[in-house]
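**Student:** For reference, the structure I am asking about is given below.
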Amino acid sequence: MVRFFGLNKKKNEEKENTDLPADNEQNAAETSSSNVSGNEERIDPNSHDANPENANNDDASTTFGSSIQSSSIFSRGRMTYGTGASSSMATSEMRSHSSGHSGSKNSKNLQGFKDVGKPLRAVSFLNPVKEEESQDTQNTLDVSSSTSSTLATSGNARENSFTSRRSITLEYIHKSLSELEENLVDIMDDIHQDVISISKAVIEAIEYFKEFLPTTRDRIPYRISLEKSSSLRKINKIVLHFLDNLLVSDAFSNSRSILLRRFYFFLKKLNLITDDDLISESGVLPCLSVFCIGSHCNLPSMDKLGMILDELTKMDSSIISDQEGAFIAPILRGITPKSSILTIMFGLPNLQHEHYEMIKVLYSLFPDVHMYCVKDYIKKAASAVGSIPSHTAATIDTIAPTKFQFSPPYAVSENPLELPISMSLSTETSAKITGTLGGYLFPQTGSDKKFSQFASCSFAITCAHVVLSEKQDYPNVMVPSNVLQTSYKKVLTKESDRYPDGSVEKTAFLEEVQRIDQNLNWQKSNKFGQVVWGERAIVDHRLSDFAIIKVNSSFKCQNTLGNGLKSFPDPTLRFQNLHVKRKIFKMKPGMKVFKIGASTGYTSGELNSTKLVYWADGKLQSSEFVVASPTPLFASAGDSGAWILTKLEDRLGLGLVGMLHSYDGEQRQFGLFTPIGDILERLHAVTKIQWDIDPQLDG
């Protein structure tokens, strides 16, 4: 067995039939020809040792003969000379054969010793050099023929390695996975019982991965699935437990990297990581990521996990207490989606050692479900502005532009009376809180005269925590955000003070400040709208957090992203694909969605099949959520109210899935949203009017 710093388990020596390094294909192929036994012989019946007569003495003759002519750093010349006692495995007949051919005194003196150390040498086990000891001149003449023999042997070894890989059976692979699982389970039991240190345990785990299918360096000719292999799921769980829970300290960073890299090659060998995956082989270490539980996920325990979380949300909040924002997120975790397993992520704003101890207690709850805890929490996606957000867009032309073009850190419209969706928004008097204009809703009053006054009205929608105020019942709203414009103005004014009076730079900054002032004054004279209703409450264990804003009749309201928003990574978001044309009531797990927030702009993700459970406002709540993909960012402060959208498959245009209200504040990879169906249902219950994303047709 290949040893890592000389540490390994004794029981591994008893279980393994071969002692092969997994990182060297040629050595593995050469060693397998002389040392294979048990299962490996059954896998490769066409091995070069098929001749019984030759096979009987192959081991001994190879070891014996290889010491006679080989390259050595201890000999005076390029070739070494036989000792007559090549190995303790040599038979008495072979030793007498050696004595008959050797005329040196040293050979006779060393014949009686069985454990004489041998010099380092490069040998071929498939075609051993026969023992021929003669004068130095004869050895010199034999160098050419010996080299040719070694080259031919290397080619045969490589060919036999490919033959052995082709002959590996699926039964043998599953047996090897089962053995690896047993070894790793034993290690984990020893860790939890404090029998072995984590440092030694991870070294042994790495060694076990090295010895998995040692004769196969590349991919196996089969495809192993996590759904059908319980051993593979358990192996994944143990490795993730190492990486996420046991090796989180900086002291284990090197061990963590080695184990992760070894695990990567293990998955690649099983075809769970393909060349099409985003993991490069340029020396950059792979990393663990989170993925959504999609509609194609058929892993065992998924239904049971969903039932547990559903029951948890029904519990009485009065008997539960936790840190504000703490959450439980059911997800997939691994290197790639195809190689990931079911995972329960515990997010806690104040992570302590006792939480890791809790994970150890829960470790055996599910045999193939990974659990880990991170410093993270759920928070509202409104922004309490302390600095300017990084998202930039084109400038608004309310006055003549300056010769120096500035790009404010918020989206603006080419026409101030035609405001597209997803722009920044705040109340007129707000000094800190800012969010995103989700879109527009239109009441469907029909022929009911009681609601005829609302028939031609347009209403904007955003999160209630963005615009509701205790100081004012029906505040006026500004788009773009008054908070962002005021903050941007302060930054420019402060920067202008660094330049001398009359300089070109200071003049440019002051002109931009003047332009912002004029735009703010225009917005106050041409009010966008006023909040008429909103609520932030728990209804049926679900958060209802939205408000509707009656828009001034001088504004033209359309559910479109607008042509002024140009920073889209998706090139297909053009023309008809800029317009929201349908409501999506039936959400498919794994559906690809995106949002355009006032803070982070365009980000994409996938819908998770199971809801996230979190503790907020003294109550246990649940919510649908999006897992960021392919980048690990989905939402941040200032994105509250942004619509969750998807591209329609059967026609051009966008579908409305829901509205963002929260995100995980530390890692920002989850976006919590309210489905559009729930929003419209709640609005109908409150107003007694049907609502839609399209204006009511006359007649």
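Note: Cβ is positioned from N, Cα and C throughout, glycine not excepted.
Grabbed the feature section from Swiss-Prot, which reads as follows:
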- 1-113: region 'Disordered' (REGION)
- 24-38: compositional bias 'Polar residues' (COMPBIAS)
- 39-51: compositional bias 'Basic and acidic residues' (COMPBIAS)
- 52-78: compositional bias 'Low complexity' (COMPBIAS)
- 83-93: compositional bias 'Polar residues' (COMPBIAS)
- 97-109: compositional bias 'Low complexity' (COMPBIAS)
- 129-158: region 'Disordered' (REGION)
- 144-154: compositional bias 'Low complexity' (COMPBIAS)
- 459-699: region 'Serine protease' (REGION)
- HIS465: active site, charge relay system (ACT_SITE)
- ASP545: active site, charge relay system (ACT_SITE)
- SER640: active site, charge relay system (ACT_SITE)
**Student:** Specify the secondary structure state of SER640 (active site, charge relay system) as given by DSSP, simplified to three classes.
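**Tutor:** DSSP assigns SER640 (active site, charge relay system) to coil.
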**Student:** Measuring Cα to Cα, tell me the gap between ASP545 (active site, charge relay system) and SER640 (active site, charge relay system) in whole angstrom.
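**Tutor:** Pair distance, Cα basis, whole Å: 10 Å.
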**Student:** Where does ASP545 (active site, charge relay system) sit in DSSP terms: helix, strand, or coil?
**Tutor:** strand
**Student:** How far is it from HIS465 (active site, charge relay system) to SER640 (active site, charge relay system), counting Cα to Cα, in Å?
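**Tutor:** Cα of HIS465 (active site, charge relay system) to Cα of SER640 (active site, charge relay system) measures 9 Å after rounding.
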**Student:** Helix, strand or coil for HIS465 (active site, charge relay system)? Use DSSP.
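**Tutor:** The residue in question, HIS465 (active site, charge relay system), is helix (DSSP, three-state).
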**Student:** To see if you understand the setup: which same-chain residues, six or more apart in sequence, place their Cβ under 8 Å from that of SER640 (active site, charge relay system)?
**Tutor:** LYS380, ALA381, ALA382, SER383, GLY435, THR436, THR462, CYS463, HIS465, VAL466, LEU660, HIS661, SER662
**Student:** Would you pick out, from the active-site residues HIS465, ASP545, the residue whose Cβ has the largest number of other Cβ atoms within 10 Å?
**Tutor:** ASP545
